[in-house]
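To keep things clear, I will list the structure first and then write my remarks on it.
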Amino acid sequence: MNRNGEEEVAEKKRRRREGVQVSLRGGCLAASATAIAVMLMATEKGVADIYGLPLPLNSSWSFSPSYQYVVGACTVTILYSLFHLCLGIYRLLTGSPITPSRSQAWLCFIFDQLFSYLIMSAGSAGIGVTNLNKTGIKHTPLPDFCKTLSYFCNHVALSLLLVLLSFIFLASSSLFNVLVLSTL
């Protein structure tokens, strides 16, 4: 194979690799944005029956600091992913490499790790509260709220599932940066 053919094959591999990077950013952006949208719609009112007494319940994502943390972490992750997505698309269109140097690849790796841990900790905090809402508190007469407020609980659970999907996209992007670092 001549020198031009090898360069052409290397260029195609680089472009394919960069397309995967951009698609991982787009997936993270979409998952995080959908998670926020679903979480913001998580509000419901209902009435629970505790020992024959009607107890009005009103639930919203904003009542829980854990859910507020989820929304905040997703917002920051959206901004980060949007920045990288726009930068990646711009560089793809201009033909320049998405990660032109080792230092930039390391920087992307570090920030991907940072945002991965942020989104995972937010999702974990939200899952703990959701589990408590679903199971109730065993040593008190408070029932599980998800029987009465199923719409709320379903939206929160879907939002947290999307947060975990966003984590998977960020972790995959971080892993991909390791592969890029091994080739630079």
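Every residue gets a Cβ built from N, Cα and C, even glycine.
Remember, TrEMBL labels are computer predictions, not curated facts.
According to TrEMBL, the protein carries these features:
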DOMAIN    15-169  domain 'Casparian strip membrane protein'
TRANSMEM  22-42  transmembrane segment
TRANSMEM  67-93  transmembrane segment
TRANSMEM  105-129  transmembrane segment
TRANSMEM  149-181  transmembrane segment
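When Cβ-Cβ distances under 8 Å to the transmembrane segment (22-42) are tallied for each of 67-93, 105-129, 149-181, the top count falls to 149-181. Listed as Cβ neighbours of the transmembrane segment (105-129) (distance under 8 Å, sequence separation of 6 or more from its ends, same chain) are residues 32, 64, 66-67, 69-70, 72-74, 76-77, 80, 84, 99, 156, 159-160, 163-164, 166-167, 170-171, 173-174, 177-178, 180-181, 184. Long-range contacts of the transmembrane segment (149-181) within the same chain: residues 17, 20-21, 24-25, 27-28, 31-32, 34-36, 38-39, 41-44, 46, 57, 59-61, 67, 70, 73-74, 77, 99, 102, 105-106, 108-109, 112-113, 115-116, 119-120, 122-123, 126-127, 130, 133-134, each at least 6 residues beyond the stretch ends and with a Cβ under 8 Å from a Cβ of the stretch.
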